[in-house]
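Peer 1: Pasting in a structure now, in structure tokens, and then I'll have a few things to ask.
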């Protein structure tokens, strides 16, 4: 009896231990998902010391965080700093519908220079998504949902497998692009399946595996996040704010003894009809550039023109302005001549 009680007590204690570890579903520990909260608003991030292969630690400091909620997902955008410089960590946290569903997390890490390119790419995808929405509304108006579903299933092609746990259904690719920097590639794919449209951002290594890279951790595995298309604008706006607030500081730290930064001209803006155009001069490790933004809420499109291309841009603007002015004047003169001829004919008839 005493042996049975000891055996039963040991089993009960073990059960309590296992139950404490498996909060949220089997194989997922709440303490692993929310290790040591750095602040109450973003409790899912670990401490700033990251282990490396040699057994030491690389101090990583968190500078800023933003959170974007889209449908059943939360996206955390954190600007961090290591001994190599500043970088952006994007974490996607997905919570299932039921209590028994696991909380899944995926992440993406990229330098601030790549984040700036990602911001520009997002502008293109947002514009394309808006165009698809208008086009789809015109095409599907008057058709039943069943007809639309059959048509989409007929024209959709299965996609190659992606990261584990994505649970993606067969889908079609609506737009694709990529960013290549150093030995990494970032693929952006706007896709559609029976759940809706989404943007998948995937990072791959072009050479080498298992390296400790710029971000202070192993880069041997691909990283992927999936962003619902409806939230691309909000996600892009949060990204823009972080880049504007912390991108320039990263640039200054990378200059490493260069001369004092140049005093750049102040930005300007003007309004035309329902749009506003912004002109902002900036600089990074690649040189000086002019950022031209066209804003029509809730949309914002931006192009970046390097300093060496300003002269050619200016020449082309002046050229087309002069040509268009000549065309308009010629058209106006033709209309005036037509009116004069019509008036003379009327006088002859009188």
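Keep in mind that glycine also has a Cβ here, set from the backbone N, Cα and C atoms.
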Peer 1: According to Swiss-Prot, which residue out of 12, 342 bears the annotation phosphoserine?
Peer 2: 342
Peer 1: With the ranges 99-135, 136-172, 173-209 to choose from, which does Swiss-Prot describe as region 'Disordered'?
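Peer 2: Region 'Disordered', as annotated by Swiss-Prot, spans 136-172.
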Peer 1: Looking at the DNA-binding region (54-296) alone, can you tell me the average pLDDT?
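Peer 2: Overall, the DNA-binding region (54-296) comes to a mean pLDDT of 75.
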Peer 1: When you measure from the Cβ of residue 342 (phosphoserine), which residues in the chain that are at least 6 apart have a Cβ under 8 Å away?
Peer 2: none
